[in-house]
Amino acid sequence: MKIVLLGPPGAGKGTQAKSISNRYSIPHISTGDIFRKNISENTPLGMEARSYMDKGLLVPDEVTINMVKDRLQEDDCLSGYLLDGFPRTVAQAEALNEFLENRNEQLDTALLIDVPSEFILDRMTGRRVCTSCGGSFHIKFNPPTIDGKCNLCGSDIVQRKDDTVETVKERIDVYDKQTQPLIEFYKSKNLLSMVDGTKAIDQVFEDICKLLGEQ
C-alpha cells in the first residue's frame, strides 16, 4: 500500500502516521528524516542540500525529489510506504507520479486529514510546555491543576514561540497556498481520500482504516 499523507499543521499527522505504519507494516517516510539522514551521512545529495541551506536558500525540488526517489527504492519499501511531507507541490506530485509509472506502480491514495483553520488555531495556540521537565498541557483539553504550573514538577508552563496566534496563522496560510493545488491534483486523479481530523484520535484512525480497506 502506497499512501501520501496530507493535512495542516496540528492535524495530528504524526500520530496517525505512526498508527498506519504499525497497522499495515509499511515504513513512515518523513521528508525531514530523509534530509537529516542524507546530511548527516554526507551523501552527494545531502551535501548539495546543505549548500543551499547554509546560504538560507530553499532546497530545489530536484534535490528533494531525488532524495525521496532513493529512499523509495530501499528494501523496506517493497510492500509500500506512507509519505509524510512529500509531495508539497504539484511539481513534486508529478515527479512522484512519473517515478511510479516508470516502475509500473501506482499510488493507492492521497489521504487528507481535514481540519478547519479555526480548530487548528484553537488546538495549537492552547498548547503549553513545562520549562523544567518538558511536560505538555493544553489550556482547554488538558489543563494543569494549578493555572500556569506543571502538575509533574510545579515549574512554570509556557507557550512556545511556534504556538503563538501570529505564527500559527502564518503556518496555516503557507499550508493553504501550498496544498490546495495538491488537493485538486489528487482529486483530478480520483486518488483523494478525506477524513474528519476534528474527531478523537482513535476515531480518526478508525475512519482511516475504513477508507484504506476500500482501496
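Backbone N, Cα and C atoms are what each Cβ position is placed from, and that goes for glycine too.
Note that the structure is predicted; figures quoted are calculated from it, not measured.
Cross-referencing Arg23, Arg127 against the ATP binding annotation in Swiss-Prot, which names Gly10, Ala11, Gly12, Lys13, Gly14, Thr15, Ser136, Phe137, Lys199, picks out Arg127. The stretch that Swiss-Prot tags with region 'NMP', taken from the ranges 30-59, 90-119, is 30-59. Cys130 (Zn(2+) binding site) carries a strand DSSP state (E or B). For Arg88 (AMP binding site), the same-chain residues 6+ apart in sequence whose C-beta sits under 8 angstroms from its C-beta are Thr31, Gln178, Thr179, Leu182. Here the Cα atom of Gly12 (ATP binding site) is found 23 Å from that of Cys150 (Zn(2+) binding site). Nearest in space to Gly10 (ATP binding site), taking C-alpha to C-alpha distance over the binding-site residues Phe86, Cys130, Arg160, is Arg160.
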